[in-house]
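Q: Below you'll find the structure I mean.
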Amino acid sequence: MARLSLDDVISMALTLLDSEGLEGLTTRKLAQSLKIEQPTLYWHVRNKQTLMNMLSEAILAKHHTRSAPLPTESWQQFLQENALSFRKALLVHRDGARLHIGTSPTPPQFEQAEAQLRCLCDAGFSVEEALFILQSISHFTLGAVLEEQATNQIENNHVIDAAPPLLQEAFNIQARTSAEMAFHFGLKSLIFGFSAQLDEKKHTPIEDGNK
């Protein structure tokens, strides 16, 4: 029998994730699918949280193609492309957003995280502001994908018909608007807000503490 590799474990775990969802993805089921005993699996995966971290890292490494800024793009362009790429990666597999929540950058991702911070700091943001901007983009993207991947969509026409006029119109707009379109609107608004804050910061006179 060929020796089990980490790639084999990750590949089978992603298959289980797509078929069973995050709740159904357990180390017991994974071991059964790999036709091995659980103690053998522990050589690669100690527990479910470790497995989730591994899967999240593997998904981003393969599908999140714009995690680092390009030398020729503005910080605004980077934030937009980064968020769109992140969203696309989260949507590749079932429960992708839930899988990613609670994870932190790992050593292989440190260089990219540093480049992201540097891109914003070079534009005039402080390290604290750069961190909050990246967190805001990440949280917005995760929340949007969580909503998109959820199954509790409003499908009851009786509920919609009973709504007051503005809410009814909003429901109708939501029904004919793609999640991607709504995401673009929110992302554009966030970046516009960051730009306004930076402009205000650059044009605010520095008070002389000696006066």
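One-based numbering along the chain as shown.
From the backbone N, Cα and C atoms, a Cβ is placed for every residue, glycine too.
Here's the feature list from Swiss-Prot:
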- 3-63: domain 'HTH tetR-type' (DOMAIN)
- 26-45: DNA-binding region (DNA_BIND)
- HIS64, ASN82: tetracycline binding site (BINDING)
- HIS100: Mg(2+) binding site (BINDING)
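I'd like to know what surrounds each of these features in this structure.
A: Taking Cβ pairs closer than 8 Å, the DNA-binding region (26-45) reaches residues 4, 6, 8-9, 12-13, 15-16, 20, 51, 54 in its own chain, all 6 or more past its ends.
Around the Cβ of ASN82 (tetracycline binding site), the same chain contributes ARG66, SER67, PRO69, GLN116, ILE137, each under 8 angstroms and 6 or more positions distant in sequence.
Around HIS100 (Mg(2+) binding site), the C-beta neighbours below 8 angstroms that are at least 6 residues distant in the chain are SER56, ILE59, LEU60, LEU90, LEU142.
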Q: Cβ-Cβ under 8 Å from HIS64 (tetracycline binding site), same chain, 6 or more residues apart: which ones?
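A: Non-local contacts for HIS64 (tetracycline binding site): SER85, PHE86, LYS88, ALA89.
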Q: So, in DSSP terms, is HIS64 (tetracycline binding site) helix, strand, or coil?
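A: The three-state answer is coil.
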